[in-house]
């Protein structure tokens, strides 16, 4: 299951205007008093220009192919009004409880899609149309929020506590608890000349399936006969309320549906209730909209077309002005509040400056006796932060909002957000949950020992716990992509530090093995961050994250790739670039279908469709005695299930799958096409095209060198540690697969591995294979035989080691310790385990260890434990705290000169070089190497290898290498190496790999063509026969024609040159009549291929 959007209502708030009957549960429908439903104007899905300029580059072509699938009206991504659905499919329950709802998230991804389309094609009309559609249907119009003029910034809302379980609701409004003042309300009104709020509401029922008819601009609750989109809300009742426990309600309440007070008294307790409107914005979606428009303006300006997007840019700046409400505490209380009676905030005392979960606003429908309210949010999740948007809103003159204090607010927010990421970053890279200024949603005192961030308490799962909000890896992709964008756009050093730690963790946890590709799915967190100290961050040695499951969520994979690509483009890191490319290639080759891309999803959680309430547990809670009806007549009463108040699901074309499951059958499976995920894939393809693809990308087909020097380390009766000498690669080695006999027992990203669960007194043979980001795998190493120790009778642990020395640089710590002894007659000392905080960072037989890759000016705590052959482990040594040196210590020492320069592989057009790694003793750390061909620098690399391409056959070249460190010091040049490229050979050959994925009457074929000869192919034509009546319908990356059974694919302008060993991927969608055999043979330029 993709966890996608998880939105919360703004809980409970009401304007304090002397009337006690105002329910203000944020995020419900508009309060329009217009009569008559009216017919929504039919808005066709905005296609791109009917004629667009030719686009070069394989990945730009892929982007356009995916874009065209999304924008094809026949594929069902948009409604008749031109509104993007959450998904093509209707039977879908996640944050939206129906696939044909929409979210502010979907609109923000649409804006991203059109921004990228404008960059690729220079056509900006679709972007402007997307914003106009959002403004019309997702931002409440003036008539939808009619009583904002009554809003009083000095008394924003009436307090009502949140609770941890839905059964504690409704929540009593309490005017005796004072809130603070709203410092931006009057300013916004003065700036824009009215009191309207310019934010998207987060959720809408596009097809009016519920029948509330809360139609933007047309009416309040016009009922089931109203056509077009309808503002609705769901989440209202605390962190335990999952989507399965929600009661849908209109965002405008006229008491037509629900109970006697509509739906209000399910959520808030009051003496009486008034008709009203209420909306909730989701901060990440509005910020993403600003983010997309920032890039659109950059690209349009580069094209000389800034005027084409100027109006949309101005609207995005306005949205950013109002988005500031999410930077404030819910009831504008001071930051660090731990009691409902804590002091109310004045001015910026209530600003936490983080993008919190929402802001919300509402008011009366009666304009003759109006009232209105506004709230921020106390809860901040790292996955909602957007430092790129904050930076743009505070530094880009075109995007800086008009309000006088907006620029300063967003500048403070950018810095605070980056600190937030740093505070929450686990010692091994992942970003933990978030923080709250209102513990338990009621300003309670946090438990003793709760770490804090500027007074806000750490929460591992902010906002919701069913499932925990930071279990889903997608939050990592979403949150960190924006950090990577900021780093790419501005070079921000703090953003880079976050990424330098996050990227290797992510890269190591992605597999790109063809159809079995996978990315992390669920995470497990251990420990907590330390209380934040901006002057001396600790690096959180006591906080770690573990990937507990993997999956094929195409949207998460694509947004992860986008984060890696922005980082790679700025840093020059090839491992992240190549991993992202390989991931996108795997999805493109294995997951395409006629609607876009997809993977099979098994939905065991659909068992909750018919769950009923269990006291203090799961299920929809309806208070005793409460009854009401949905617009279609479904009864709402205690004991109802999710399905009972959504009976329309029983008519869904896919319902039989679910019913079979509920009756005891197999878990249902689906191929979903979520709008955000499809757009994320398109975005990643466009990013690669823009940042890396010049139309002549040469795939990496060279495997790393074979690992050598295998040797045994610590060996006990049940464990064996082995190590080896690092391999080299033409790009970068990304890991090693370790085999025990013929069985792969693990993967390592370093040059050592510990195999556990072994049998005593048994010989095991180990081999190791190296692999790179492109998936190339080396031959196995020479085998190493290790014999485990005999089962000992020793149950006594060795003596405790004592740390005797420590030293540090800016990026490393070295510790030494005294030798331990084992008991007389014992099994013997095996080695030592070294811990940084709670994380074991090394096993060694030596008495010293150097920990590298650390952060400057940061304190780290180390302990050492001794281990004997029997597996007994000593108590830890006394901890020693070591602080790394400051980056400000000037490093003026150059790295050592690279030695051992050699040519590994030489072809007619390329030379693969390797050399021995340099060392750096100046403290700043080795940065990389500059490679020179003659006097010209031809490339830089972070590893001790480099491949120079585009050379001329039979030509002599001379190479030297210089090492660089992070302080900018450069070594002297290595000894020169002369290399002559190979002489061209006559003749040529080819191979073709053909894979087809079939369904019903259609199929997608992926074709990989490889030049296996020794000469370059300039221009190619592939031929083959489809012998069972199959037809080619749509192809990509080539010009496709078919005559009878014969199919011909001719190269595109950008992939016609195939160097020896080079591969090109093409493909097509086709139809069949029941049989779909693969072609029996292939020709390339008339010659047969294998």
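Along the chain as shown, the residues are counted starting at 1.
Using the three backbone atoms N, Cα and C, a Cβ is placed for every residue, glycine included.
Summarising the annotation, Swiss-Prot assigns disulfide bond to 990-1089. Long-range Cβ proximity for residue 990 (disulfide bond), meaning a same-chain Cβ under 8 A and a gap of 6 or more residues, is found for 1009, 1010, 1011, 1012, 1013, 1017, 1082, 1084, 1087, 1089, 1090.
Each residue in the domain 'Fibronectin type-III 3' (897-984) has a pLDDT score, and their mean in this model is 86. Residues or ranges marked as domain 'Fibronectin type-III 3' in Swiss-Prot (evidence: sequence analysis): 897-984.
As annotated by Swiss-Prot, region 'Catalytic' applies to 54-699, with the evidence given as similarity to another entry.
What Swiss-Prot records for 1069-1090 is region 'Disordered'. Listed as Cβ neighbours of the region 'Disordered' (1069-1090) (distance under 8 Å, sequence separation of 6 or more from its ends, same chain) are residues 592, 594, 988-992, 994, 996, 998, 1001-1005, 1009, 1012, 1017, 1019-1035, 1047.
Marked as signal peptide by Swiss-Prot on the basis of sequence analysis: 1-33.
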So if I draw a 10 Å sphere around the Cβ of residue 1089 (disulfide bond), how many other Cβ atoms end up inside it?
20
Can you break down the domain 'Fibronectin type-III 3' (897-984) into helix, strand and coil residue counts using DSSP?
0 helix, 47 strand, 41 coil
Where does residue 990 (disulfide bond) sit in the DSSP three-state scheme?
strand
